[in-house]
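Notes for the one structure printed next.
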Amino acid sequence: MEQTFIMIKPDGVQRGLVGEIIGRFEKKGFSLKGLKLVSVDRPFAEKHYADLSAKPFFSGLVDYIISGPVVAMVWEGKGVVTTGRKIIGATNPAESAPGTIRGDFAIDIGRNVIHGSDSVESSRKEIALWFPEGIVSWQSSVHPWIYE
Ligand code: GTP
Ligand code: MG
C-alpha cells in the first residue's frame, strides 16, 4: 500500500501540536508505520530540501528545520500522499483552508508546522533518507472497517 513521509517541523513540536497532528492522520484511517523524534543537522536538512537549494528562502528554511527536534513519520493508506497533502493544506497558511492543519494552526509560510511528501517518488526518497533503519511492518486490525 502507498506510504508517505510526514514531518512535524520544530514549531509544531514546540507548540505542542504533535498529538493533534497524529490524531488527524489516525482518525482519517491511515496507519502509522514509522515514528521518531529527531534533531537533524544542516547537511541532512539540505539533503531533505535539495530540490529547493536554488530558492532565496533556502538557508532560512534549513535554519528553521534544524532549530529544534522534529517528529518524523511514515503513514500508510490508499492515496495517502495526495490525501495527506490535503489534510496538511496549502504551503502558505494564508491560503490554507480552515480544517487543514496549516489552515488551523499556522500563519506564516516559514512556520507552517508540517511537511508531507509531494509525490510517491518523493515519498520513497524521503522514507529512505529519514528511516535508513527501516520501518515497522504491521497490519491494523481495523483494516476491514476502513477499506471496502
Ligand atoms: P513541505 O511539505 O515542507 O515540503 O512544503 P510544500 O511541499 O507545501 O512546499 P515546498 O516544498 O514548495 O516548500 C518547502 C517549504 O519551504 C515550505 O513548507 C515552507 O516552509 C518553505 N517555503 C516555501 N516557499 C517559501 C517562501 O516563499 N518563503 C519562505 N520563507 N518559505 C517558503
Ligand atoms: Mg515540498
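Glycine is no exception: its Cβ is also placed from the backbone N, Cα and C atoms.
Source: prediction; values computed, not measured.
Copied over from TrEMBL, here are the features:
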- 1-137: domain 'Nucleoside diphosphate kinase-like' (DOMAIN)
- LYS9, PHE57, ARG85, THR91, ARG102, ASN112: ATP binding site (BINDING)
- HIS115: active site, pros-phosphohistidine intermediate (ACT_SITE)
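Here the features listed in TrEMBL are placed on the structure.
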residue : record                                          : Cβ neighbours (10 Å)
LYS9    : ATP binding site                                : 23
PHE57   : ATP binding site                                : 11
ARG85   : ATP binding site                                : 18
THR91   : ATP binding site                                : 13
ARG102  : ATP binding site                                : 23
ASN112  : ATP binding site                                : 23
HIS115  : active site, pros-phosphohistidine intermediate : 19
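Between the C-alpha atoms of ARG102 (ATP binding site) and HIS115 (active site, pros-phosphohistidine intermediate), the distance comes to 10 Å. Our reading of the ATP binding annotation (LYS9, PHE57, ARG85, THR91, ARG102, ASN112) yields a largest Cα to Cα distance of 21 angstrom.
The distance from the Cα of the residue listed as 'active site, pros-phosphohistidine intermediate' to the Cα of LYS9 (ATP binding site) comes to 7 Å.
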